[in-house]
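Chemist: One structure, as structure tokens, below. Some questions next.
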Amino acid sequence: MSPADPEKGQTLQERPNYEAMISISTLDDESRPSTPHSEQYERHSIDIEAAAQAHNVSPSLKRTQSNKSAVLARIASRITTRSIANPPPPPDGGLKAWTQVGCAWLVLFTTWGYVNSFGSFQTYYSTLLPNETASTISWIGSVQVWLTFFVGAFSGRLLDAGLFLPTFMVGMAMQLAGIFGMSWCTEYWQLMLTQGILTGIGGGIFFCPSMGLLATYFDGRRGVAIGIATTGNSVGGMIYPVVVRELLPKLGFAWTVRIIGFVNLGCLVLALCFMRPRLPPRKSGPIMDPKAFHEPVYMLFVAGFCFMIGSVYWTFYYIASFGVQVIGLSYASSTLLIIIINGVGLPFRVIPPLLSDRYGPLNIILPALFATALVAFTFVAVHDTIGLYLFTIFYGITTAAFQCLLPVTVASLTTNLNMVGTRLGMAFSAISFAALTWPPIGGAIIGLQHGKYQGAQIWAAVSALAGALLMLTARVKMNGWTVRKKC
């Protein structure tokens with residue numbers, strides 16, 4: 001039996017879908033019950049009745065006064081308690097709510113879509129910076145991912161404080177400064193400063209508050225809303241490589257990057273115009289939950305996700321370089337691999353969250369993890385163009401299927417739902433370090449083998465398998481080997 005919620009007497013399965021709980025505070029406000037009006041109405045009616053009897057008022061006048069007072073009481077209750085202390089429940093639809101979904105889609109397009117397209121830059125930088133190793137170059141993308149994850153784990157608290165708009169503008173300005181500054185770069189340290197650090201910090205600043213804001217507009221449809229928004233990740237991962245592929249030979253690196261900057265500028269300005277917080281400022285939860293370190297299931301899950309994410313980002317960064325250096329593809333053809341690996345996963349970012357509501361997120365994420373590990377091992381056997389394209393398609397599908405389940409799985413493993421935001425932030429922080437270190441380590445292995453990829457491929461596949469086994473251990477420790485039990 002699922003643990004009961006002390007506030008509502010409901011089981012965790014009966015609670016709303018918390019997949020979108022990326023902001024630290026969202027759960028606190030969405031799970032709070034609205035103030036009932038019936039008791040206030042009854043008390044007010046009794047007071048009116050007593051006053052009428054004391055002053056010999058006619059029954060019809062008493063009823064009129066009572067009706068008016070009831071209306072005023074309800075209005076006052078809505079103004080004083082629901083709009084400030086307890087806002088009304090999420091609209092769960094409507095024009096304004098779905099507009100926030102569209103804006104969140106643009107945010108994910110310009111942050112994670114741009115981040116996931118780094119593989120196309122990795123291949124180009126290998127020719128731009130011939131004196132730098134593949135491992136050294138991959139640090140640029142790794143730092144960008146790390147900062148987006150790590151900063152995002154804390155920036156959600158600024159939404160709680162009522163600072164969404166200034167936070168969004170600061171983050172947007174930093175990301176755009178990094179992209180436009182990148183267009184003038186010709187040396188490694190300059191690219192690290194602009195593309196790695198500035199764009200990473202900027203994206204991390206506005207990404208998490210935007211997703212937290214979206215969560216406050218939905219309840220029953222939250223999983224669908226978040227699933228639709230996260231497709232911006234896949235679409236961005238297709239569009240940016242196409243821009244680089246088509247414009248780089250014609251316009252050169254500088255103007256190609258500037259056009260990317262203008263695309264981001266237009267998307268983010270549009271999002272800024274329409275994204276508006278629904279909830280009043282409120283106090284955030286704690287940054288860290290020490291009790292989490294004493295819960296083996298949670299720790300095993302986070303450790304498993306770290307191994308898996310590190311392996312995935314190494315593959316995303318190096319698959320295009322593998323195509324050029326080992327298979328003999330042209331730069332344009334290798335960029336197509338980045339487009340495919342991001343694009344094929346688009347529908348699989350929506351389907352798993354829907355299934356997780358019925359069967360449990362941990363039960364859904366495990367098959368996707370083992371499938372990813374299995375496909376990762378097949379990378380070693382790729383020796384021609386057809387094999388590389390087949391690997392790219394299946395790897396893109398399996399990785400998309402599990403990445404979208406991180407928030408809801410953390411929620412399902414957390415007994416005290418008021419701590420879900422805090423624990424999700426802790427998970428993001430840990431994952432950020434895996435994303436930071438795994439790609440350069442894989443690049444270093446390639447360097448030690450004098451450009452051969454086999455050792456790095458085996459290392460990434462073993463990492464993925466280790467991640468899947470750690471999560472299986474968490475699932476068994478939580479509910480044993482019973483397959484049909486929802487968890």
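Glycine is treated like the rest: Cβ placed from N, Cα and C.
Take a look at what TrEMBL says about it:
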type	residues	note
TRANSMEM	97-115	transmembrane segment
TRANSMEM	135-156	transmembrane segment
TRANSMEM	163-184	transmembrane segment
TRANSMEM	196-217	transmembrane segment
TRANSMEM	224-243	transmembrane segment
TRANSMEM	255-275	transmembrane segment
TRANSMEM	296-320	transmembrane segment
TRANSMEM	326-348	transmembrane segment
TRANSMEM	360-382	transmembrane segment
TRANSMEM	388-413	transmembrane segment
TRANSMEM	425-446	transmembrane segment
TRANSMEM	458-476	transmembrane segment
Chemist: Are the transmembrane segment (425-446) and the transmembrane segment (224-243) close enough to be called in contact, which here means at least 3 C-beta pairs under 8 A that are separated by 6 or more residues?
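Modeler: When sequence-distant Cβ pairs are counted, the transmembrane segment (224-243) does not touch the transmembrane segment (425-446), since fewer than 3 lie under 8 Å.
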Chemist: Check the transmembrane segment (388-413) against the transmembrane segment (224-243) for contact, please; criterion is three or more CB pairs under 8 Å, pairs 6 or more apart in sequence.
Modeler: yes
Chemist: Top stretch among 97-115, 196-217, 255-275, 458-476 for CB pairs under 8 A with the transmembrane segment (296-320)?
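Modeler: Selected stretch: 458-476, with the most Cβ pairs under 8 Å.
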Chemist: For the transmembrane segment (360-382), give me same-chain residues lying six or more residues beyond its boundaries with a C-beta closer than 8 angstroms to one of its C-beta atoms, as numbers and ranges.
Modeler: 301, 304, 308, 311-312, 315, 322, 327, 352, 388, 391, 394-395, 398-399, 401-402, 405, 408-409, 411-413, 454, 457-458, 460-461, 464-465, 467-468, 471-472, 474-475, 478, 483, 485-487
Chemist: Look over the recorded stretches 97-115, 255-275, 458-476 and say which has the most C-beta pairs under 8 A to the transmembrane segment (224-243).
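Modeler: Result: 97-115.
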